[in-house]
Ligand code: HEM
Ligand SMILES: [Cu+2]
């Protein structure tokens, strides 16, 4: 454990220095122990993965412009969707919010100087890099065609591609994820400054805490599963091979025991971001703070009990199916609690439609659809019909992309001024969110329709009756790609052209807005005062600095 | 876990001497917070370790409940004496480890280094015994499921490992001994690296190098001792069969059965050829007698019945798929056995590396009553590794006897 010699943060830095300017040179980044820099490196890494995965997605959609084979053979198509899925899931969406935004924001929001184990944090990043290299190697050598789920016996006996390489990649990424989660739990437990009680923690921290619990409890099971898979493929262990007395459904159980909780690793931090955004931009304290906090924990725990809903059609016993179906329904309760609380927060608030809020509103709409369609899949009778169709594809894209990705971008816009010290162009930001919202629905809504009419997933061609939906979806996908690119451009341009960001541009009351933008190396010059994180009245607009500032610090104002 | 955040007036004031001590990390407020963080972190890590193994325990439970006969049949090929000895060694090493932690807390450096050394030795001993067990099993062709099947037969495009036909019965025991003899003969080769390290250590006056070298030596001696003891135990079991007349437990009977067929060479050094032959005939007769006895008393039990049938063939490569009296897919047991114990052995190796690191640091006098976290944390890790073995041992070795 990284508890031995922990090099001191440079004590010689000048007060006007921030974490970006405190030291120079490429090495000062590569071996940094500063959580903010590690967060930024994670951000760059995961965004690269996202654009790679997105590029593959566009190729996939392009294939569907007509029902006959268009650009790719069926083998190539298999490879495309596998890599798209694997990259998006393992390299982008799981690390995106916790490891990139969370790493940057968590200690600052908490009022700590760093995470508990800075070296482990850096190690986690490099594990991510190594895992990514394994994936890329698989991509460049033989590709991978098992689907991101690596189902046996296809992955162990039939596939001609380099499954072992990709498996090890995912295994290593799993450890990267465990390290992040472990670090966050310990940080939240032991590093809270005086006054930061559990119930004064911003909800983003609660959601990261719940996420970290899942990361720590679920990921090891994936690890052992992947090891068994690799051993099975290399040596013929026999555990998953019926010819040798094994059982392939056991693999599915193991895999989903991780992967269902993993979908909550993806969505919980997104929900945390939304709690922050909705409250800040409605200029109102969050409604039902404790309900939201506890619903995060409830989701984390219930999420462990429902994995069997991915195997409704695998021939598992009826009793088991029914139990899993009932449990699946129960997870939607805490999710719904959150949605209602967000709506109640907005009610009678003075809503500011800044870019982050636009994304937050998109999230509300899209996540609700995604969650509700999950209930169709959790109901046994309908799932028999809908399983392995485009309906499932649309469902998880509504939650993963419409939910997590959209919240991620919203959070990125929100904390961008803090991370970089620059304001982005509000107008183009809003336009990007509009394009993303419309294009997203154009892409995925037709998939619900064709899925419910029987279009199976993972096919590279289709019957003529599905043509219109596929074409709509493909057009939407390219528009969506454009919208995301626009968002990226807006952010990147701000680095060069944006005006300097004040400490607190949004009027939020959480701690990260109390230190400068960008934060100094040790986050706070003096230990911050911890108050109610959602007390919007504690900050007031100060025209001199063009920033919100805490009330106690301003000369008495008449209001 | 309670939080250990001590309220402090202002940040500046809390920059007390603690921050100027050698191993204090500057993002913590005080030593207590640093220790608590490390401890919580370690516990969480141990939780992930348990979950990591729990997947395997789960697989074990599934296959044991669906194929009970396989487990009862195949587990008799494991040597419970060796397993038992390893259990004792590990439990003892847990004691020395806990004691080492105490020494660190009290600032007793010599005690700390010595106890860490003993723990390291025990760990290596364990690995030595495992080396013997694996070698023996490999030569008896007691391998995992896929090892006897051509990859193409199970529809695989490729498989790294392919094993040919089993060896003739007579040969395998010789082979085990031969390969272990090689180790016995050439063990000093393995000592070269640590000796070089020690040399460099003395040459350059660097204590860490020297300590690492010594830790390496301890490990090598431990492993050798393990192998040597296993061989002795193995012989003793067999010699005992002859000496105490005819053992009355099933286990002894089994071993005699084993002898009757394939005692080649290993007793030569102890007995004259004549004696040996006599003993062999003796044992063979006994095995048959025993077998009949068991069959008479327990035949109604289907599973045991199968087991008994297997006794005469026990030392042949029974678990090849073609063997008629072995239950179908008996090798699933060995798949699980190798995977679980292999992963456990890997954890032992990691623990040995960590203990070596602790030894280096304690020789350097890093640990003091107010800073002993790392010893404590590695200690926790070591206990969990022991604990896992304490579950593995009965679940793998002690069923069906
Ligand atoms: C409201 C809660 C949710 C319910 C009730 C639900 C239900 C389901 C069900 C029953 C399936 C299996 C469909 C089938 O294969 O036939 C499924 C698939 C899936 N869900 Fe959800 N889900 C929920 C939330 C989420 C969230 C939050 C995410 C991700 C962030 C997600 C991601 C996925 C994915 C990736 C799959 C497909 C996996 C695959 O087969 O490749 N779900 N969902
Ligand atoms: Cu699920």
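The backbone N, Cα and C atoms fix where each Cβ goes, and this holds for glycine too.
Database features (TrEMBL):
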type	residues	note
DOMAIN	B:39-401	domain 'Heme-copper oxidase subunit III family profile'
REGION	B:239-276	region 'Disordered'
TRANSMEM	B:40-63	transmembrane segment
TRANSMEM	B:83-101	transmembrane segment
TRANSMEM	B:113-132	transmembrane segment
TRANSMEM	B:186-205	transmembrane segment
TRANSMEM	B:211-231	transmembrane segment
TRANSMEM	B:336-360	transmembrane segment
TRANSMEM	B:380-399	transmembrane segment
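At the 8 Å Cβ threshold, with sequence separation of at least 6, the transmembrane segment (B:83-101) comes into contact with the transmembrane segment (B:380-399) through 3 or more pairs. Here the transmembrane segment (B:211-231) has long-range neighbours at 82, 85, 117, 120-133, 177, 180, 183-184, 187, 190-191, 193-201, 352, 355-356, 359-360, 363, meaning same-chain residues at least 6 beyond its ends whose C-beta is under 8 angstroms from one of its own. For the transmembrane segment (B:113-132), the list of distant contacts is 82, 85-86, 89-90, 92-93, 96-97, 99-100, 103, 180, 183, 214-215, 218-231, 234, 341, 345, 348-349, 351-352, 355-356, 358-359, 362-363, 382: same-chain residues at least six beyond its ends, Cβ to Cβ under 8 Å. Through the fold, the transmembrane segment (B:40-63) approaches residues 1, 70-71, 332-333, 336, 339-340, 343-344, 347, 376-377, 380-381, 384, 388, 391, 395 of its own chain, all at least 6 residues removed from its boundaries and within a Cβ separation under 8 Å. Over the domain 'Heme-copper oxidase subunit III family profile' (B:39-401) the predicted model carries a mean pLDDT of 75.
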